[in-house]
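**Q** Okay, handing you the structure first.
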Amino acid sequence: MSGDLSRCLGKGSCPPGPVPEGVIRIYSMRFCPYSHRARLVLKAKGIRHEVININLKSKPDWYYTKHPFGQIPVLENSQCQLVYESVIACEYLDDVYPGRKLFPYDPYERARQKMLLELFCKVPPLSKECLIALRCGRDCTDLKVALRQELCNMEEILEYQNTTFFGGDCISMIDYLVWPWFERLDVYGLADCVNHTPMLRLWIASMKQDPAVCALHTDKSVFLGFLNLYFQNNPCAFDFGLCNPIIR
């Protein structure tokens, strides 16, 4: 079964075979924050799965039969049913598979987590814009001010709730949905954006103790190697750090 560290499939590759019974497949990419969301949920719930990594700079033609725009992540089950868009995919996994529910059962609490996610919605694009500006040698002062403000808004939520996690006293879906961008702050050169948010820093430290987060952590040197190649438009970026394909 292909694992998280399997090499990417690119243009000219053969499509994978049918998804085995009792397994769900995720089309992913090791460094993608949106795929990271779904991989965290798969890991947290202990769902048996296989990973097919996709080369996003040289996408296989067959992949457009999985997603009309060739985006990731996509889930596929043994009935050939496809689920895409990261939040939808995560909710599907939580609804379909047994184990601890990551979204609350209570309708209001579930709605509240989705509202928190809406408050977070500016962080991903701002993080990306800051990264691009820094990599291209452009001034990103205004972008970082805007990002800090959004992170201060998240800080205020934790202060108001007086809880360690965004969903309460234990990790829940909202924490996994926002985590990928916080894991990337240091790699992107944006770690100072949480210098004045003590509750957020406590949350980050607590998240780093979670087994699913630990299992999917990518070493900073590997991430930086990926970014260096990615910004050179090198299609080998997506396999950076893999000496040989790893099958598990």
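Cβ coordinates are placed from backbone N, Cα and C, and glycine is handled just like the others.
Okay, these came from Swiss-Prot:
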| type | residues | note |
| --- | --- | --- |
| DOMAIN | 22-101 | domain 'GST N-terminal' |
| ACT_SITE | Cys32 | active site, nucleophile |
| BINDING | Lys59, Ile72, Glu85, Ser86 | glutathione binding site |
| DOMAIN | 106-231 | domain 'GST C-terminal' |
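Walk me through the surroundings of each of these features.
**A** Per-class residue totals from DSSP over the domain 'GST N-terminal' (22-101), listed helix then strand then coil: 29 helix, 17 strand, 34 coil.
The number of other Cβ atoms within 10 Å of the Cβ belonging to Cys32 (active site, nucleophile), over all protein chains shown, comes to 20.
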**Q** Given the binding-site residues Lys59, Ile72, Glu85, Ser86, state which is nearest to Cys32 (active site, nucleophile) when distance is taken between Cα atoms.
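**A** Closest recorded candidate to Cys32 (active site, nucleophile) by Cα: Ile72.
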**Q** To what whole number does the mean pLDDT across the domain 'GST C-terminal' (106-231) round?
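**A** Here the predicted model's pLDDT, averaged over the domain 'GST C-terminal' (106-231), is 97.
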